[in-house]
Amino acid sequence: MGRSPEMEVDARSGYCAATRTFRSRRADVPLPADPEVDVVSFLASRRHSGVVALVDAATGRRITFTELWRAVAGAASALAAHPVSLRKGHVALILSPNSVHFPVAALAAMSLGAVLTTANPLNTPAEIAKQVADARPVLAFTTRELLPKLPRAHDLRVVLLESARLPGDSSDPRIVATIEEISATTPDPARRKDRVTQDDPATLLYSSGTTGPSKGVVATHRSLISMVQIIMTRFRLEGSDKTETFLCTVPMFHVYGLVAFATGLLGCGATVVVLSKYELPEMLRSINAYGVTYLPLVPPILVAMVAHPKPLPLGQMRKVLSGGAPLGKELIEGFREKYPQVEILQGYGLTESTAIGASTDSAEESRRYGTAGLLSPNTEAKIVDPDSGEALPVNRTGELWIRGPYVMKGYFKNAEATQSTLTPDGWLKTGDLCYIDEDGYLFVVDRLKELIKYKGYQVPPAELEALLLTHPEVTDVAVIPFPDREVGQFPMAYIVRKKGSNLSEREVMEFVAKQVAPYKKVRKVAFVTDIPKNASGKILRKDLIKLATSKL
């Protein structure tokens with residue numbers, strides 16, 4: 001009798017030669033067998049010893065778990081009734097900075113089977129109007145300050161994420177209530193609930209569009225439930241008597257913030273301290289005032305902490321969790337030297353994978369410099385040669401494909417993009433060039449679509465960026481493909497110089513040329529005051545490409 005593929009999985013790397021796939025070295029997390037479970041019911045049913053769910057960092061207001069779930073039930077009852085009449089399949093938009101109201105609005109809408117979409121408050125009215133036209137929400141949660149950014153569609157109802165109404169609110173017919181009003185509603189026990197299953201859409205989040213137009217990503221209740229279980233396992237939060245306190249510095253409109261702070265952590269009894277926006281002094285005050293133990297952040301915040309002349313006071317902080325973009329060796333070492341008492345952990349994920357894919361879950365795992373970590377629980381991966389389509393073994397670079405219960409359902413109203421990204425048997429083509437080493441650690445080399453094609457060679461921008469960041473007079477950098485008739489494309493660098501530096505284009509090009517193969521040389525340089533990045537810290541190369549080519 002032949003050996004099954006299951007028996008042929010290499011325990012060290014997770015690679016199965018028979019199927020040419022990698023399997024996570026982490027134990028699978030249990031998922032509910034009942035198909036008729038929505039993420040809100042799942043979260044509310046978790047048992048834990050936590051008391052305080054949310055804290056407003058600015059005011060100190062505390063919301064207990066009892067108050068949170070009462071508010072969610074009340075808000076859901078109010079939203080299901082006239083005049084909003086929110087139903088399963090309707091889309092609800094949240095346009096808001098971080099606040100303790102954000103999770104209440106999100107959970108109330110999803111509990112009804114509505115699909116949640118979010119927008120960046122920094123977006124222009126035109127950008128928001130484009131998303132509204134695509135998603136067609138029937139309800140928007142927003143603040144008084146952001147209300148003018150919403151298109152004046154007559155059929156769009158608005159719930160203000162404010163504590164009380166003001167006299168001027170009555171002049172806008174779109175406003176039906178405040179979040180405090182609907183949260184105080186007595187839940188109607190006779191209300192008929194729509195049947196919501198794990199396969200139903202839960203969120204419609206628009207991808208960052210770092211390389212092209214933004215697309216709506218549809219995730220299901222199963223996706224979010226998987227994420228909740230993986231988060232609780234990663235931080236060993238379930239069944240613990242100790243309450244951890246997380247500081248929310250990342251935007252809840254982004255997949256990272258939404259799945260962690262507005263959903264995942266609320267299922268395990270952790271306390272979430274909410275910053276309305278990131279400012280270093282306010283972050284430090286909150287860390288010390290509220291006894292924060294975990295600090296999830298994006299790389300630019302980490303850079304600021306390392307760049308500070310003296311170590312910052314971090315109180316009871318034990319772990320920093322970085323996501324959104326990979327961390328370089330120099331940054332990790334600089335942080336460890338300045339804050340030896342704090343572990344630094346990393347994560348890798350996409351909007352399309354509900355922010356899940358790989359992570360380092362201990363200081364020891366993070367010491368493998370450059371890694372995104374081990375594959376997440378319940379995850380399979382392939383490394384696929386972009387040219388031949390062949391699945392590759394250990395230590396070979398190709399496009400990362402992943403499969404797991406958290407993978408998106410597809411792109412909203414975009415069958416072509418869905419078919420090119422999701423295979424019929426559930427593999428998500430990430431668009432990232434990666435390899436998995438002999439111990440099962442994932443390394444992200446670059447974005448497949450961002451490779452610079454110089455003659456017949458492929459040049460990863462991230463490699464040149466990492467090199468340029470080692471220059472003592474460079475504080476930030478982005479490398480893009482610059483079109484050229486003879487060679488196709490060549491590397492162009494946008495550089496942010498250190499204050500007082502007179503670094504020249506020639507010096508930059510010589511610095512790189514001494515350390516790389518000829519085809520990787522930087523052949524054009526521009527100096528800028530900052531590098532455009534999205535909310536998760538990823539470089540917006542498309543903006544820089546547009547800037548560079550607009551002068552041609």
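The backbone N, Cα and C atoms fix where each Cβ goes, glycine too.
What Swiss-Prot says about this protein:
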- 182-205: region 'Disordered' (REGION)
- 189-198: compositional bias 'Basic and acidic residues' (COMPBIAS)
- S207, S208, G209, T210, T211, K215, Q346, G347, T351, D432, R447, K538: ATP binding site (BINDING)
- Y256, G324, Q346, G347, T351, K449, K453: (E)-4-coumaroyl-AMP binding site (BINDING)
- K277, K455, G456: CoA binding site (BINDING)
- 279-346: region 'SBD1' (REGION)
- 347-411: region 'SBD2' (REGION)
Could you measure between K453 ((E)-4-coumaroyl-AMP binding site) and R447 (ATP binding site) for me? Cα positions, answer in whole angstrom. 13
Nearest by Cα to R447 (ATP binding site), of the binding-site residues Y256, K277, G347, K455, is G347
Can you tell me whether DSSP puts K455 (CoA binding site) in helix, strand or coil? coil
Tell me the residue counts in helix, strand and coil for the region 'SBD1' (279-346), as DSSP assigns them. 29 helix, 12 strand, 27 coil
Can you figure out which of Y256, G347, K449 (the binding-site residues) comes closest in space to S207 (ATP binding site), comparing Cα atoms? Y256
DSSP three-state call for K277 (CoA binding site): helix, strand or coil? coil
Here the binding-site residues are S207, T351; which one has the lowest number of other Cβ atoms no more than 10 Å from its Cβ? S207
If one measures from the C-alpha of K455 (CoA binding site) to the C-alpha of T351 (ATP binding site), what distance in angstrom results, rounded to a whole number? 33
For K277 (CoA binding site): intrachain residues, at least 6 apart, with Cβ closer than 8 Å: P97, N98
